[in-house]
Amino acid sequence: MCGIVGYIGQLDAKEILLKGLEKLEYRGYDSAGIAVANEQGIHVFKEKGRIADLREVVDANVEAKAGIGHTRWATHGEPSYLNAHPHQSALGRFTLVHNGVIENYVQLKQEYLQDVELKSDTDTEVVVQVIEQFVNGGLETEEAFRKTLTLLKGSYAIALFDNDNRETIFVAKNKSPLLVGLGDTFNVVASDAMAMLQVTNEYVELMDKEMVIVTDDQVVIKNLDGDVITRASYIAELDASDIEKGTYPHYMLKETDEQPVVMRKIIQTYQDENGKLSVPGDIAAAVAEADRIYIIGCGTSYHAGLVGKQYIEMWANVPVEVHVASEFSYNMPLLSKKPLFIFLSQSGETADSRAVLVQVKALGHKALTITNVPGSTLSREADYTLLLHAGPEIAVASTKAYTAQIAVLAVLASVAADKNGINIGFDLVKELGIAANAMEALCDQKDEMEMIAREYLTVSRNAFFIGRGLDYFVCVEGALKLKEISYIQAEGFAGGELKHGTIALIEQGTPVFALATQEHVNLSIRGNVKEVAARGANTCIISLKGLDDADDRFVLPEVNPALAPLVSVVPLQLIAYYAALHRGCDVDKPRNLAKSVTVE
């Protein structure tokens, strides 16, 4: 959600900023802008729309060796040129970009900016104007910046230019991700490592309530008291080629195809020298010894948690609750005496989940983060971390992170079961390998998935997904995939709930997708399909081999039914992809959505 890039060095700042912002497009945005500094001053270019639109307005003749850039996802003020970043102070001395939400911007405006006319509706402009007011009152830029930061309530990642000191970028962070990349004759600032890989893979992580003074040959980190902080740098595990589409038309299709490889990598990563599945002993003990586990997630991660709940309860015999992070913060349930909290987040930066983590840590409870990004905020602040090893996921619609979360939760449940002396009844390593092969076979049947999308979703405005047991949890994920990238109103329902209200929405031609992978509910879900078909629905049954009937539209390869969610979701991902494609939608960057939701 939003992105920041900054550069100061010897190269063309404009192009580095624009390329960096392109690497942050996956985070979601509605406008973009850059500010570059040279001997003539600070030049600001911004535009509503895509980075391609911004490129059209950037003056190619302006040469600069330093700059800051931003992609905006509207929180305060509509998407517009005036609300796009960078923002400048009234006298034009300061230029600033900001990610996050300043909760007390109205109070700051009333207290410090009574005589300043604001040009935008944003909370961000208030920050840059307050800085200038403090400088006008006699403070040096660094001190004015620090004083302003101490006043801010909320989340922020900020990069600031001073027109009187154009060889320096002032940076600060609180509850919004920001990294500083290191080079021999340059330094860069970015919301995540993907934006800086074009020039460096070495970076320093910033902690909350820290500020940084960045020049082309120096990075000085300070706390808000002005004390200098020394911190070791990291080498990013990513390679620039990891974040390219290659021959694929869209990242979503590429990432769907990568799922079998991710499954095999998870198997390999979580095997010990004897080929047995393993996680660090303290994590296994935390799961096995908990009297109740609370899985916290948002969107797709929440859906993965629903599947993980079944594994942990069925195999490890530990009760589990799954909660939407944004609701948990305000409606915390009565907690057990020895809980363990598991946080699912692809990015490790989800603000709603982090808010819950802060709450439960304050209560003294243990927390495990399962994430795709090492060193992310949720990873750093939890007691334990398990990594998904899925590689960068760029498309807004999650595919491989979802199946990776399910696989890692399965591994965790299996290890906890073993620690509790429970035999789960099958070889999970072998069955995950079979599931990976099945996923690969499904990825090779794209023509069939495209045909189903054309047949059922070409003119549809609504669609329903029904299932029972584990299939129901996959249905809610399939519905989310369809609605978020094709803009078709789609909902997933438990098959038995149809008669309690939802069936009233069924009319002639309504597409209804049904999953049938669980033997104990196979007859029941087929009965539900007959109910909606009798009312005119256009039904599509996707069944598991061995449970299939002659009239089923598509049959999945045979896998262990417990792991069917890893396999049954792949057709739903591809059907959603082709439905969006045929409707002319932006598959990788759907409207109004952000990949990494870093504000509550």
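Each residue, glycine too, has its Cβ placed from N, Cα and C.
What Swiss-Prot says about this one:
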type	residues	note
DOMAIN	2-217	domain 'Glutamine amidotransferase type-2'
ACT_SITE	Cys2	active site, nucleophile
DOMAIN	283-422	domain 'SIS 1'
DOMAIN	452-590	domain 'SIS 2'
ACT_SITE	Lys595	active site, for Fru-6P isomerization activity
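Remark: secondary structure over the domain 'SIS 1' (283-422) totals 65 helix, 28 strand, 47 coil, with classes taken from DSSP. DSSP assignment over the domain 'SIS 2' (452-590) gives 70 helix, 28 strand, 41 coil. When pLDDT is averaged over the domain 'Glutamine amidotransferase type-2' (2-217), the result is 92. Cys2 (active site, nucleophile) carries neither a helix nor a strand DSSP state and counts as coil.
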